[in-house]
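Below you'll find the structure, written out as structure tokens, and then a few comments.
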Amino acid sequence: MEPHGNDSDFLLAPNGSRAPGHDITQERDEAWVVGMAILMSVIVLAIVFGNVLVITAIAKFERLQTVTNYFITSLACADLVMGLAVVPFGASHILMKMWNFGNFWCEFWTSIDVLCVTASIETLCVIAVDRYVAITSPFKYQSLLTKNKARVVILMVWIVSGLTSFLPIQMHWYRATHKQAIDCYAKETCCDFFTNQAYAIASSIVSFYVPLVVMVFVYSRVFQVAKRQLQKIDKSEGRFHAQNLSQVEQDGRSGHGLRSSSKFCLKEHKALKTLGIIMGTFTLCWLPFFIVNIVHVIRANLIPKEVYILLNWLGYVNSAFNPLIYCRSPDFRIAFQELLCLRRSSSKTYGNGYSSNSNGRTDYTGEQSAYQLGQEKENELLCEEAPGMEGFVNCQGTVPSLSIDSQGRNCNTNDSPL
């Protein structure tokens, strides 16, 4: 999304006149172009490389193929499209001082830009709802949101995003009627996004503000529930140690079950924090732009063009942040290391008790590797020996149903590898 009213001059250009034939100014301009080209190339490479890594990791390792990570894949796809089809052309528009790709691609490129932002925030909104269901209804979660249902939800997100982005632009509902805008629409070398006031406000509300409000509200509820659950765990542990101290001394299995449940809940809450960071980063990167986007159509000369384009690029840079945030997850870190050949590609035991073999599939192994022992505090087991029912509580402070695998181990199904 390029700034409204841009007259195809150097955006983000250094201060000072650009008088023709002035050697000093010309050298400054050339240095600025080279510097910006390098910076923008780094941004594009970071976006593409990071999100390809995320998509490949989830596709290759079955351990990462959870419902939540299906949504993470959708988010990574939106960021990848941004890095491949939006940011490079935006960089060219800035550096070349004109649009070199024709009117059709100008509108198509702008539509893709709006599509990626809309799909991203709607996916984040869905992730917030997913985590809310998972933490408030852990026993119903697997039936309420299966992987097939997740695929349908993702498809609906992209269909809705496509309609709200492509339809108004391709139908020219966005177009302004003043002379400068009409002249730009007619020129093959002008791709400035002149919009009417109604479109700017309506598109910002539908594509950003409404999903943002829903996301913030739902996630605030998630953290409230999570806080209450941690308090229940603390109380359950207190009652357990007070009433069953002698039994624990004789048989440590009950204590192990309670500790394992607490570990699982702490892992879930760490996953919530990671997702919260992702949502918070997205909001911080895009909210300033959408505020300016509305202000600009109300008071055209209030916001300098340089500020507008800087905030637009701050939103673009967000697409490179998410892969870095995913590194908070031990599962993602291990997957990234193996994909980058920083770990052996032979069978690897994950901290959750699963191993990755040479063909990329994951199998369960009961053995603990050296890595697993060293990371026990950080990467808690999700598949453990079945504890005694009398001492095993779930994240809500109640006794959960147990799923026993072929080796007699308890596999909690509500996992979140993030």
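Using N, Cα and C of the backbone, Cβ positions are placed for all residues, glycine too.
Reviewing Cys125, Cys184, the cysteine that Swiss-Prot connects to Cys190 via a disulfide bond turns out to be Cys184. Just one residue in Asn6, Asn414 has N-linked glycosylation site written against it in Swiss-Prot, and it is Asn6. Per Swiss-Prot, Cys191 makes its disulfide bond with Cys106 among Cys106, Cys116, Cys265, Cys285. Placement of Tyr185 and Arg299 with respect to the membrane, taken from Swiss-Prot, is on a common side. When Asn15, Asn244 are compared with the annotations in Swiss-Prot, the one labelled N-linked glycosylation site turns out to be Asn15.
Between the transmembrane segment (72-95) and the stretches 35-58, 107-129, 197-220, 275-298, it is 35-58 that has the most C-beta pairs under 8 angstroms. Two recorded stretches are said to be in contact when at least 3 C-beta pairs lie under 8 angstroms, sequence spacing 6 or more; the transmembrane segment (275-298) and the transmembrane segment (107-129) meet this definition. Across the topological domain 'Extracellular' (299-305), DSSP assigns 1 helix, 0 strand, 6 coil. Residue pair Cys190 (disulfide bond) / Cys106 (disulfide bond) shows a Cα separation of 8 Å. Secondary structure at Cys190 (disulfide bond), taken from DSSP and collapsed to helix, strand or coil, is coil. The recorded positions in question are Cys106, Cys184, Cys190, Cys191, Cys341, and the one with the fewest Cβ neighbours inside 10 Å is Cys341. For the topological domain 'Cytoplasmic' (59-71), the DSSP-based tally of helix, strand and coil residues reads 10 helix, 0 strand, 3 coil.
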